[in-house]
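What TrEMBL annotates here:
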type	residues	note
ACT_SITE	SER175	active site, nucleophile
ACT_SITE	ASP349	active site, charge relay system
ACT_SITE	HIS380	active site, charge relay system
DOMAIN	37-99	domain 'Partial AB-hydrolase lipase'
TRANSMEM	7-26	transmembrane segment
Amino acid sequence: MASTAGHLVYCTIGIFVLLLKLRVVFCMVQVETTFSITEYVTSFGYQIETYENIQTEDGYLLQMFRIPYGKGVVESLTPRPAVFLMHGLLTSAESWVITGPERGMGFLLADRGYDVWLGNARGSTHCRKHVSLKVEQKEFWQFSWHEIGIYDLPAQLNYIMETTTVTQVSYIGHSQGTTAFFVMASEKVEFNTNINLMTAMAPVAFMAHLPHPAIQVMSLFTQGITFFTNLFGINELVPNNRLINSAGEAACMEKVVIQELCANILFLTTGYDSKQLDRSLVPLIAKTTPAGASTKQLIHYGQEIRSGKFRQFDYGFVCNMAMYGSLQPPIYNLSRITAPMGLYYAKNDWLVSVEDVKMLKTQLTNVVEDYLIPYEYFNHLDFLFAKDVVSLLYTRVFEVMETIITIAK
């Protein structure tokens, strides 16, 4: 067992060293250094609106994007149901549209008559401002997905409702986008009445059975990683950098030999599914990801794996007493979530296990859909990027949404 664990640690370190070397090498490549989500969306004939400086209670300034109508529609007097899409760790609003109108969730929902809002979390590409803190300051990065759930989601939901005058919104989250929702809906229960349906794709709460072997081993060293990042002032996890992201795009361009290595790096992280990965999409993924996150977000997930519990950040006995008044961090009471919930998960997702989703379901009180995707190799990123994501998943999601929203009316 010790030998196996050692090999996994070395394997993990090797992967990160390889990634670092690739990024350093390809920083020498001269390529276009920006990706504009607004230009990308409008290039397909859709309108997109940008909303800046949406302020959270703790002073972070967020940015949202809105696709108000389907393709070619200039204006509509017909009321449209609002839907709020929230991305996962190290991604941003771009993840909902980069597959284009045929597969991108943002486009597909707009074409089905929804008023589509693309959210962003603090620290990601579009949310690197604060009323008093600079992004270079350590204090800016003192948050995990707890604060995203407590502050970012409420601020953006309130903004949607104030702007559109709707009283209920459909929420779709992927990965960390689901974690943050579970935090918000269990800690700020008043928002449950504003959600007519929560669609949880690759839902992350309990992580005791995480399938990824290397991450399992790394979670054993959470305290050491915390000490290391504090000692060396590493506050941001894989910083968002235009030059580096563009270099990654160049490295992963179609017909470049190393593109297959880029694809396999994705598989090492999320699960192997070569059949469903559109190789032409890899450069765009490389250009828009990583989108920035705090090291504390990753450490919080590591704590979840070790404890097997869904609970607030663990600062250690002494600081926990000062912060929470108890030696252990408080557990999120998932039974307080009353919003209708759809759970969508997969067997080959290395970051979300079937067992942990089943555990999550036992804690929830209003699950209206429990759907294990009927494709053996469906992985964590397939929820966004799979070639057949519409037939394998989205068609089902849309049917449930339309049924629930009709009932809500």
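A Cβ is built for glycine as well, from the same backbone N, Cα and C atoms used for every other residue.
Structural mapping of features recorded in TrEMBL.
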residue: SER175; record: active site, nucleophile; DSSP (3 states): coil
residue: ASP349; record: active site, charge relay system; DSSP (3 states): coil
residue: HIS380; record: active site, charge relay system; DSSP (3 states): coil
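Mean per-residue pLDDT, taken over the domain 'Partial AB-hydrolase lipase' (37-99), amounts to 95. Packing around ASP349 (active site, charge relay system) is summarised by its Cβ count: 26 other Cβ atoms lie within 10 angstroms of its Cβ, all protein chains included.
Taking CA atoms as the reference points, HIS380 (active site, charge relay system) and ASP349 (active site, charge relay system) are 5 Å apart. When the domain 'Partial AB-hydrolase lipase' (37-99) is classified with DSSP, helix, strand and coil residues number 10 helix, 20 strand, 33 coil. Separating the Cα atoms of SER175 (active site, nucleophile) and ASP349 (active site, charge relay system) is a whole-number distance of 11 Å.
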